[in-house]
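According to TrEMBL, the feature substrate binding site maps to 72, 79, 80, 81, 138, 164. The domain 'Fe2OG dioxygenase' annotation in TrEMBL covers 116-216. According to TrEMBL, the feature 2-oxoglutarate binding site maps to 123, 124, 125, 207, 208, 209, 210, 211, 212, 213. The annotation Fe cation binding site is assigned in TrEMBL to 134, 136, 190.
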Ligand code: SIN
Ligand code: FE2
């Protein structure tokens, strides 16, 4: 093998199993990262990032927006999916084609060949932001997986068990890493530890995360 071949093959994405039903597709979205971030900027012009209120009255540290047929929202009335952005009353921006195809390819690479996302949450973490352990369970159909794309600065993802009290694994995530969980892992608790101060050439000190789901 020549050095050139060796170098190009060593930068290819690789797969890391987390548990039955869940994998990390390392660097899977690297090649698309700058385009994804440009598209996120465009989405945020239509549906700005906002820090939502939890049903308990706390302001989330993560700023969110959505695209696709359904958007996930939280306020003092609870968590839910809705077709319109509560800030504007308008439908959420369409899911960009490149978002959908990335999510479908990632799901398929993880063994979920029939993923049809209708919702994409876009999370923006500034240093100090975090997301506590939770389950993604506001969706109707748990047969479809969750596809979660990391962009920008590194974060420590927590991947727990079926119960909140199960000690989570710590999974460092970098720009371009994609986590897919479904099947027996679909309702696993997960979260993100407080984002550390860091710099990334594409995002400055921020981390972005795209989570694709089938909501309805
Ligand atoms: C989430 O669980 O919605 C976000 C996960 C992440 O930011 O990696
Ligand atoms: Fe989640």
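Glycine is no exception: its Cβ is also placed from the backbone N, Cα and C atoms.
Note: TrEMBL annotation is automatic and uncurated.
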According to DSSP, how is the domain 'Fe2OG dioxygenase' (116-216) divided among helix, strand and coil residues?
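Looking at the domain 'Fe2OG dioxygenase' (116-216) with DSSP, the answer is 3 helix, 44 strand, 54 coil.
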So if I measure Cβ to Cβ from residue 136 (Fe cation binding site) and keep only same-chain residues at least 6 apart in sequence, which ones fall under 8 Å?
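Once residues fewer than 6 apart are set aside, residue 136 (Fe cation binding site) is near 146, 186, 187, 190, 211, 213.
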Excluding 134, 136, 190, which residues of the same chain place their Cβ within 8 Å of the centroid of the Cβ atoms of the recorded Fe cation site?
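In sequence order, the nearby non-listed residues are 133, 135, 137, 146, 188, 189, 191.
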I'd like to know which of the binding-site residues 72, 81, 125, 212 has the most other Cβ atoms within 10 Å of its Cβ.
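In terms of Cβ crowding, the pick is 212.
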So which of 72, 80, 123, 125, 136, listed as binding-site residues, have a Cβ under 6 Å from an atom of ligand 2?
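Cβ under 6 Å from ligand 2: 136.
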Which one is it: of the binding-site residues 79, 208, which Cβ has the fewest other Cβ atoms within 10 Å in this structure?
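Per-residue Cβ counts within 10 Å for the binding-site residues 79, 208 bottom out at 79.
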Among the binding-site residues 72, 79, 123, 134, 210, 212, which have a Cβ atom lying under 6 Å from any atom of ligand 1?
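Only 123 qualify.
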Could you state the whole-number distance in Å separating the C-alpha atoms of residue 164 (substrate binding site) and residue 134 (Fe cation binding site)?
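Per the Cα atoms, residue 164 (substrate binding site) and residue 134 (Fe cation binding site) stand 8 Å apart.
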How many angstrom lie between the most widely spaced Cα atoms of the 2-oxoglutarate binders 123, 124, 125, 207, 208, 209, 210, 211, 212, 213?
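About 20 Å separates the two most distant Cα atoms.
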Of these binding-site residues, 123, 134, 190, 210, which scores lowest on Cβ atoms within 10 Å?
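Relative to the other binding-site residues in 123, 134, 190, 210, 134 has the fewest Cβ atoms within 10 Å.
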